[in-house]
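Reviewing the structure listed below.
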Amino acid sequence: MMFRLTSVSCFLLVIACLNLVVLTNACLRDGQSCGYDSDCCRYSCCWGYCDLTCLINGKRATFQ
């Protein structure tokens, strides 16, 4: 009986550790605050927020 209880406890501990690893590797979605490009799912941290396209202020589109 003691062996079964220990096995179940170890199994639950492994599951808890795996869930913790998955949560720490989660990426940030568009619109969430970030510090680095690698924090975002699409690897684009623009002015502190995850964004698909980073617009550069001061640049205007030229039409031809």
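Note that Cβ sites are derived from N, Cα and C of the backbone, with glycine treated the same way.
Under the heading signal peptide, Swiss-Prot lists 1-26, citing sequence analysis as support.
As annotated by Swiss-Prot, disulfide bond applies to Cys27-Cys41 (among others). Around Cys27 (disulfide bond), the same-chain residues at least 6 positions away in sequence with a Cβ under 8 Å from its Cβ are Asp39, Cys40, Cys41.
The disulfide bond annotation in Swiss-Prot covers Cys34-Cys46 (among others). A coil conformation is recorded for Cys34 (disulfide bond) in the three-state DSSP classification, outside any helix or strand.
Around Cys40 (disulfide bond), taking its Cβ as the centre, 21 other Cβ atoms fall within 10 Å, counting all chains. Per Swiss-Prot, disulfide bond is recorded for Cys40-Cys50 (among others), and the stated evidence type is similarity to another entry.
Per Swiss-Prot, disulfide bond is recorded for Cys45-Cys54 (among others). With a cut-off of 8 Å between CB atoms and residues at least 6 apart in sequence, the same chain places Cys34, Gly35, Tyr36, Asp37, Asp39, Asp51 near Cys45 (disulfide bond), listed in sequence order. A strand conformation is recorded for Cys45 (disulfide bond) in the three-state DSSP classification.
Annotation comment: Swiss-Prot describes Asn57 as asparagine amide, evidence class similarity to another entry.
Cβ neighbours within 10 Å of Cys50 (disulfide bond), excluding its own Cβ and spanning all shown chains: 21. Recorded residues Cys46 (disulfide bond) and Cys54 (disulfide bond) have their alpha carbons 5 Å apart, per Cα-Cα distance.
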